[in-house]
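Engineer: The structure's right below; bear with me while I get my questions together.
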């Protein structure tokens, strides 16, 4: 909707009128006027004479509609028409929405209205304005930038416990428009727009230039059609935890020139914003396929001081690594030498000798014991035969021959022992 005819604004108020006032207004007209007062102020509206709007039942034809708020769906104050001018109209807040409508027939002289600002009685104390909100304004410009609510507290624009009413004015590059994208957004009392909100204006901070207003849990991107944008944040004393962070980007309409980049969304941004780690386009085309450029940028940012620090650190780490390797290599050698010095050859041989050695040694011991028993039995046998032989020699006179036989038998026995022992010679070691 557009406003009709002239509209005069001053710091204390202003005035506006129907088209061609005080002459007859034209048919088929629709004029919108949105009034905005300063924080903690209200609006008073009065009408001058002459005044005439086509009278009708419930003002269904030509009429003047006044609402208590900044929107066409704000609470209706009343509809006015006829010959008598309305009485004083006062808003309950900072805004007033007014629309004049005329049909195809029966025009009149119309109206002229004056508006002024008065202190809001909800914020008055001893006849004056209680704790007027301090001036809280910021300015940003360039190809891109960040609008953030934390700047209010960092620069001490408001004190703890006070309401926040701050304005950020954004200036785009020459012949460019502005694209806004929220990076962070949180409202303390969501959906209570009278307690806190973030408003975006296109061109100026006038209420008729309001582009979008956010007070719920979601905030969408906003594209402005001018090179000037205004972002306003309002938060009462109980909504100080509300916050937002917004990215603004200057862009021009296609076709894109040599120093701009086409965003595939009817936007051309500056080439310096491509591959800068921030999504400046409505879609992330400017940050795709940027791996090589990011690597080059990283190495280019390393200064001589950084290189020296990195080199010294790397050298220290390398020396420590070599020392640890040498310690690990020397430690096992000491253990091996200690084991060699404490080596017991006898015990090792007793444990690891093949079992057949021990087996044959046991058999030799048994055979030698058997031979010793056999020799003892032979000696006993010979002792027993000696007396019998002697008696035979006496009676038979064969002692000489018997003695010789005995000697021969002993000789034969000794000769028999040799082959017997050779049969049980110690065997060869087994492999």
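Glycine is treated like the rest: Cβ placed from N, Cα and C.
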Engineer: Transmembrane segment per TrEMBL sits at which of 290-308, 309-327, 328-346, 347-365?
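Structural biologist: Checking TrEMBL against the ranges 290-308, 309-327, 328-346, 347-365, the transmembrane segment one is 309-327.
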Engineer: Note down the number of other Cβ atoms within 10 Å of the Cβ of residue 275 (disulfide bond), including every protein chain shown.
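Structural biologist: For residue 275 (disulfide bond), the 10 Å Cβ neighbour count is 19.
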Engineer: Are there residues of the same chain, six or more positions away from residue 290 (disulfide bond), whose CB falls under 8 angstroms from its CB, and which are they?
Structural biologist: 274, 275
Engineer: Count the other Cβ atoms sitting within 10 Å of the Cβ of residue 4 (disulfide bond), across every protein chain shown.
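Structural biologist: Total other Cβ atoms inside 10 Å, all chains included: 22.
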Engineer: Got a sec? Which of these disulfide-bonded residues, 256, 281, has the most Cβ atoms within 10 Å?
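Structural biologist: When each Cβ's neighbours within 10 Å are tallied, 281 tops the list.
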Engineer: Compile a sequence-ordered list of residues in the same chain as residue 268 (disulfide bond), six or more apart from it, whose Cβ lies below 8 A from its Cβ; state 'none' when nothing qualifies.
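Structural biologist: Set apart from residue 268 (disulfide bond) by at least 6 residues yet with Cβ under 8 Å, we have 251, 252, 253, 254, 255, 256, 257, 260, 261, 262.
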Engineer: With DSSP helix as H/G/I and strand as E/B, how many residues of the domain 'CUB' (136-251) fall in helix, strand and coil?
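Structural biologist: Residue counts in helix, strand and coil order: 11 helix, 60 strand, 45 coil.
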Engineer: Note down the number of other Cβ atoms within 10 Å of the Cβ of residue 31 (disulfide bond), including every protein chain shown.
Structural biologist: 22
